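TrEMBL has this to say about the protein:
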ACT_SITE  223  active site, proton donor
BINDING   31, 33, 220, 312  Zn(2+) binding site
BINDING   33, 35, 193  substrate binding site
DOMAIN    26-366  domain 'Adenosine deaminase'
SITE      244  site 'Important for catalytic activity'
Ligand SMILES: O=c1[nH]cnc2c1ncn2[C@H]1C[C@H](O)[C@@H](CO)O1
Ligand SMILES: [Zn+2]
């Protein structure tokens, strides 16, 4: 019988990456919260060290499950309540160093080669640290974690984003802090917290200040609240990127015949190549999306928006970069080429200087994917 050749000679079917390939593929993470990514066992140890009695359980496995379930409420406000426990154990220099070092090691072991990890320094002052001391401890932890990862055969570079909480009133101070440390581990600024009722324009002074300093910032927008929040973040505040931005889908109409119409704001976001920091699992937990298969990331990617894949909070979502990609591969049949596209999108959108982004794309990301894509040639000897 004649051999079936499903694709034209010289081409191959797009291969579905295995879980192991997904983990080994170089990945870039732009949206990950330091206080949302602790290892459960680290929380238990730090709570014992600082005398924090408020944990729902001191069994690490149970604690991991508790965070995931508590964050599964379908409400961003309830989701955010779980951070009281992680912030409670991140109040000393030693604790911050430990959490940041663990973070770099965990991301590196998961194949992340470049990450921008964010946290709100104002949430780590309860035991008397100053804002500067918080930043210095976190930076020290990341350098330690990068070195440990290197010793274990992984390569990762981590920059931080300093977050101001949108319901609070310290954004100017935090923006100045980000500017002070911009050549010392901090690559930008962010605002986070409950979105509804706290428009980003409340922090206009901080954004204007950062613009004046030619600094970079992203804004959580279009997650729990829709298009007006995205519009304000871009057109009033001047955000360089959007944290989540999933609700941009509200400005896109898919007709019955499959044609697509973009509203003015969606067209602007696509035309200007505004990076969207999408976090699929987090969006399912806060009801910003209803399933992986229906997550707007599928349509937005097809329409070639500047989409990136992120974790948001690895602890609360029980996830990792590899798991986020695993879900998308399963839902949309993405190949290694698709993964490379998301990864290059992310690296292009990072806040480190252009020459570093280019080197990371050309010297690390593209060769990494080329290597993985060639593995099938060598069969089990690869
Ligand atoms: O997805 C989010 N939306 C808004 N705020 C968030 C999200 N994930 C974490 N945060 C908040 C809670 C953290 O304590 C804070 C700083 O990392 O940022
Ligand atoms: Zn976030």
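One is the number of the first residue shown, and numbering goes on along the chain from there.
Placement of Cβ uses the backbone N, Cα and C atoms for every residue, glycine included.
The model shown is predicted, which means the values in this text are computed figures rather than measured ones.
Proximity to the residue listed as 'active site, proton donor', judged by a C-alpha distance within 10 Å, picks out 244 from the recorded positions 31, 33, 35, 193, 244, 312.
If you take the CA of residue 193 (substrate binding site) and look 10 A around it, the recorded positions you hit from 31, 33, 220, 244, 312 are 220. Checking the recorded positions 35, 193, 223, 244, 312 against ligand 2 with a 6 Å cutoff on the Cβ atom leaves 312, in sequence order. Spatially close to residue 220 (Zn(2+) binding site) yet at least six residues away along the chain are 166, 190, 191, 192, 193, 195, 243, 244, judged by Cβ distances under 8 angstroms. Burial estimate for the recorded positions (35, 223, 312): highest at 312, by number of other CB atoms within 10 Å. For residue 31 (Zn(2+) binding site), the same-chain residues 6+ apart in sequence whose C-beta sits under 8 angstroms from its C-beta are 116, 118, 218, 243, 244, 277, 279, 308, 310, 311, 312. Sitting within 8 Å of the Cβ centre of 31, 33, 220, 312, and not among those site residues for Zn(2+), are the Cβ atoms of 32, 36, 118, 190, 192, 243, 244, 277, 279, 282, 310, 313. Highlighted in sequence order, 34, 36, 80, 83, 118, 119, 120, 123, 163, 165, 192, 313 have their Cβ within 8 Å of the centre of the Cβ atoms of 33, 35, 193, the residues recorded for substrate, and are not part of that set.
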